Structures are given as C-alpha cells and as structure tokens.
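Presented below is the structure to which this report refers.
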Amino acid sequence: MTKSETGDLKTADGISLKLSLQRSLRRKKRNALLLVAPLFLFILITFILPIFYMLMKSVDNSITQEILPTAAPLLLKWDPKSGELPDEEVFKAFIIDGKVAAKEKTINRLGKRLNYEKSGTSSLFRKTGRKLRKLDPEKLTTTYQEALIGMDKKWGKLETWQLLHRESGPYTKSYFLSAVDMKQDVDGVTWKAEDSQIYLNLFKRTLWLSFLITFLTVLLGYPIAYLLATLKTSTSNLLIILVLLPFWTSLLVRTSSWIALLQKEGVINDFLFAIGLISNDGRLAMIHNQTGTVVAMTHILLPFMILPLFSVMKTINPSYVRAARSMGADSFTAFRRVYFPNTIAGIGAGGILVFILSIGYYITPALVGGTQGTLISNFIAYHISGSLNWGLAAALGTLLLLLVVALYILYDKIVGIDNMKLG
Amino acid sequence: MPVNKEDYLVRFENVQKSYDGEILVVKDLNLNMAKGEFLTMLGPSGSGKTTCLMMLAGFEPATHGEIYLDNVPINRVPPHKRGIGMVFQSYALFPHMTIGENLSFPLEVRKMGKSEREAKVKNALDMVQLGNFADRRPAQLSGGQQQRVAVARSLVFDPDVVLMDEPLGALDKNLREQMQYEIKHIHERLGVTVLYVTHDQSEALTMSDRVAVFDAGVIQQLAPPNILYEEPENAFVADFIGDNNCLHGIVTSETENSCVVKTDDGSQIQANKINIKGVGQPSTLSIRPERVIVNPEPGQVPNIFEAKAAELIYLGDHIRTRMEVCGNDNFYVKIPNSSHHADLNKGDTVKIGWNEYDCRALDAFDN
C-alpha cells in the first residue's frame, strides 16, 4: 500500500484503495441481495402490491369517466351552485354516452356506484338505460334536455346533476367521508343523519374492546409469565407447552368451544343454574355480544402477551430483587421499584402486539360477537363480500392501517421501539 | 479476637442446610466473626460457601441451627430487615436507574431526607472515585466501574456487615488485583465487617484477616492467611492453598513431634507430625516446592533422596522443575534463577532434600 501524489491510498498493484474496497464489497452486497430477492418479490407481489391496489380503491373513481367519456369532462365545467341545470351540450353528451353504455350494459354499473351516495340512483340509471337503448339520438324531435327529463323526472332535478358532477372526477373522497359517517353535498361536508352513523361508533368500539382485551391479557398473562420465568427449566418448559397449546388448536375449534361454554344453554349457565345462583329465566347472555368477543379474544390472544413478557422476565437477573431486598426494600417495594420497571419492555411489546392484532381481528367477533360485539374488520369483510362496496371497504381498511401506524408512532415516542423485546 | 462468644458480631451455630432433604450442602457450620473483621470463605464451587452467604443474607433459610447477628437470632428475620449490605457477582445494578438513583435506593426505602441522601450518595461515590458518574446509567460504565458502584451501593446505608459474593469474578486479572487493594483499603478505612466469598486463593490471601477454607460443606481450616499457607492442618488445605507436593505412604513410627512415613517405593521420610491416625495408618506428606533444597550438603537435612529431573519450565525468576522422587513423578521443585540452574538438564539425576519441619504429615487425603 503506497500513498499516491494526490493523497489517496493505493493497493500494492496501484489501484485506488477505495475502488478496490468497493469492488470487494460489491460481490458481498450482490450476494445479500440475491438471498433476499425471492422473498422480496414474493412479498411485493402478494402483499405490498395488493395492499397498494386496495388502498387506491378507496379514492378511485375512474368509472364515471370510463362510462361517460364526453359527458363527464363537460359536466365538470358546470357550476353546481348556479341553480340552473347544465347546458344542452351536457345533456346531448350524456345521451350519446349513455346510449353506448346502455348497449354495452355498463350503465348499470355507474348507477350502482352512484347508488352508494344516494339510494334510488341505481334504479334511475336502469330505467334510463332501458329507454336510451330504444332511442335514436339522430331522430329527436325535442331538445336533448327534454328527452332525458321525459325518461325520468329526476333528470330535471338539480341534485341529480350535482351528484353526478361531484363524482365525475377520476378521484373521490366520498368513500372516506362515508367511513367516518360524513357526506358531501353542494354546500360542503356535513355529518350524516344521526341514525345512519355507524362507523365512528364502530371505530370507537373497536378501540375500546382492543384496549380492554390488551389490559386483560396483561392482567392474566403477567403472573403466568412471572411463574414461567422463575420456575426451573424443566417445569417451565412443560408450562410453556400449555401456553402454546392453543396455537396448535384450530381457531374455529377454540372459538366454537367458547360458544358451547357461554351460550344460554351452555356449560356455565347450566352450572350456575344447578347451584341455584341464577333462575332459569335469568340465564346470563354471555355470547353473541361484547362479553363473548372480549372473553374469546382475550383467551386467543393471551399467548401473544405471555411470550414476550416471559422472554423479557427471563433476562431479568434474579439478583436485582435480592439486591433490592438486601438494601432494605420489602418484597412489594422491590417488585414495584426494581422488578416491574424492568418488565415494561415486555408489557409494551406484548401490549402493542395484542392491541394491533385485536384491532383488526375478524373471525372471533364474527362468530361470537353478535351485533354488539362486532368490530370494524367485520364491516370491512361485509363490504368486500356482501355489499360489494369495495371503495368503502378500502377506505375503512386504510383508516384502520393509519390508526395502527399512528399508535405505533405514539408507542415509539413514549416507550421507544428499541426497548421492545419479542424474544 | 473476642473472648466471649457474645462479643462476636456474626455467629453461625450448628447450621445445616439441605436443598433436597437428602444431601447436606452445609454440614454443621460453626463460625464466629468479630466486628470489623474481613473474613473470606474460600473453596471450590459446590463447597457450600455461597449457601452460607445466602443464609446470612436471608435468601435461603437454614435447615437446622441458628445464625446470630449482634446476638439476635435472625433465622426468621426477612432480608430487608437484617441491614446487611451485599455485593453480587453480577453487580446487580438496577439498569433502569442512574448510578445516583441506584445508590439512593437503599436510603429512599429507609425514608431518609433528600439532602441527607444526596450527601451520602456523593460521599459513597467519592469513596470509589466515581464522583462524576452519578447521572450515568450502569450500562455506560466499564466492568470495573460497575464493580465499584456495587461496592459503594452496599456501603452507602452504613450496614454493620457487608457480604461479597465473588465480586471480582467477572474482571480481568489486572483490574481484579487493583480492586482487591481498593476493597481492602475501604474495609480498613470504614472498619466495616466483611464476609467475602471467593474461589480464588490469591484473592483470599491478599485481602483477608482470616480465611475459612470450605470443602464438602465443612470448614477445613479457619486461620489467618500466613498460618493457612505455612501450617495447613489437613491435606485438602495443603493442596488447595498454594503450590504443594504430596507424597503418600504409611506411618511406620511416631514420636511426640515427628514420625516416619514409608512411601510405596520404600523411601523412609522423616516428617513433622501434624494430623495422623497412628502407626500403620496411611498419611499424606505435604512439602512446599520452595522448601526443597537441591544438592544439599550431606547431613544438612534429614531427608535426602535421588531425584530425576523430568521437565524444566522456565518462569523467569525461577525454574519450575518436575522431578521423579520417592515413587512420585509429579514432584515440583522451585529452583531460583541463579548460577545453579545451569547445572541441571532434563534427565539429570540430582540429590534433593528437605527439613523434617517442612514436611508435614497429614491425613490420608487422596487427590
């Protein structure tokens, strides 16, 4: 290695040392990349792209411009607050676009899309489509406006056009507004009528139940984890198997067994009735409501709390507590001042794990939750497979994702993610 | 040393300990510690020394017997009411507290006022030369610094007794030696009573007023370091403390202070009678390597034998020589690095000898 005139180091062959180092590291980097490439591609194709696609669904509104290629851009130029119907030009474009769409039978799709915003729109479009198919725009005796209003009086109403105008752009915020129980009309964004507000309450309920479940898992899991961490290894291994046992049992079996236990004619009610604590009419409703969701989910998520707690407690040197005791702290003070603070990383790790899992939990609330115990994910599933309103499902999903990210950031700020120990 | 047993600060009386009800880890321990004494329990691992410490600290109950602290039986006193400071091998500094908070902890649980607390913490940290470290976390300190904090923390609440459980075990050799002196000086300055546990004999000899050598749950010998080395009472202590040569044989005759032991190859050795069971019984002879004389004058010492140098190890100030003598091929002799050593080569036969007094006839411990 010699120093050249310009001052940079050279190898024995006279190549720049930096270059040589880069070259030697390049192969290492390439190998590392090759090793992760299959998994990265798999994740990209099966996880990141679908999620991105679903998130885009929550604002996607390309359908209007697709079905009304000339009418939609013209309509966007109309001022919905003018108090007048759009120009004849717009009506003409709508009839011509609508005729094509009616022939291809795509006009009903647009009706269905707009029906999410205002019910009755779907039937309006079906009816109009039927009539448009028979109409020959070349042989009109009236204006286009009169012709369309003749098909259905709603076309003479301002709000129909205001709705169409609002949803003519390529993107929409209406899904997100629906997801937080709001709507948009010509005057701007307002709350929905009180009796049709559901999602905000659902978010609140989801957060509250998730918090409750997390709290219960800490309460139940902490003593178990402590026992596991302090017992001798052979005994604690056996107990860990018992903790892990639920993982090896089907989720459906576990949830169904809770139904068997908690239902009106179930084991617990029968027992309470048999020992005379409750009357036959007073059998407790413990399933198909929030109680059922909380009990079953606490049971199912408990291992996710116990294992991180256990792994943290395992690393706590038993001499900490002994040192505290030798310095004059009674056993409670030693626990509170010395042992407990050292387990906070485990509570944080287990807590965030259980909370995030329960916030998006689907199968258990669907089976045992009834109407009062269902969570936001059950509604997402309903909009995906029931109402087929994917845009709203995507908006709800996006909000849920943002919520989790926000909580994660909050956790990082308060506890610090580096302190989290999962194993 | 006090005369009355009531004058001792710590007393173990007939203490026994068993974990499983089958094996006694500590067999009938009787030990008195004077106030201000530095007493070390030395022994191989599993000899019961740490168990004794834990019983005194209150973390293990004694199965039988009683422990007295200042004449108060403490078997039923919980650890936090014993007022005993403790230094752990792992230091056990609380990782979530700063150094200052760590030291303040024992004072806080004693409900001491803030200003008094701060003064005491500062004093204790100054004592171990870590006055500027109060705001650091334990993880930011080196092993030696953590060790000093642990010592300071065990002393900050002015306990009568401080227990140290192999506190220097995790340090490297140089630091360990330095810390030995520091702990020794702190002990001398504060006059606190220290019960120290270690398996390192040089540590025990350096620091202690008295050393209790443990083996198999029994104190083999309890004596000041020099007595322990020069006058071991049994073969275990002779072998455990320092370099030692063992010769096994049968006692053939004995007088008041001396005896003759015959080894397997027929050599008759005159020995200092210490701990033998009588004529015809086996005995172990203990001779320190530095007490063996190479090429003695005829008649200079009673024991003179032919030895063959089997191995020479150059150690700078002396040559450690393995010799075959009296049927033992593992007999070490220290030859000072003077002009003599040049005479000796591997395989040479040479005369070696030793005094009767330096050859101690002990029990038939078989190592």
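Cβ atoms are placed via backbone N, Cα and C, with glycine included.
Taken from TrEMBL as is:
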DOMAIN    A:203-411  domain 'ABC transmembrane type-1'
TRANSMEM  A:32-56  transmembrane segment
TRANSMEM  A:207-231  transmembrane segment
TRANSMEM  A:238-261  transmembrane segment
TRANSMEM  A:294-317  transmembrane segment
TRANSMEM  A:338-363  transmembrane segment
TRANSMEM  A:390-411  transmembrane segment
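Remark: the transmembrane segment (A:207-231) contacts the transmembrane segment (A:238-261), by the rule of 3 or more CB pairs under 8 A. Within the same chain, residues 390, 393-394, 397-398, 401 sit at least 6 positions outside the transmembrane segment (A:32-56) and bring their C-beta atoms closer than 8 Å to a C-beta of that stretch.
A Cβ distance under 8 Å defines the sequence-distant neighbours of the transmembrane segment (A:338-363), meaning residues of its chain 6+ beyond its ends; these are 206-207, 209-211, 213-214, 217-218, 221-222, 225, 251-252, 255, 297, 301, 304-313, 316, 320-321, 323-324, 329, 375-378, 381, 400, 403-404, 407-408, 411, 415, 419-422.
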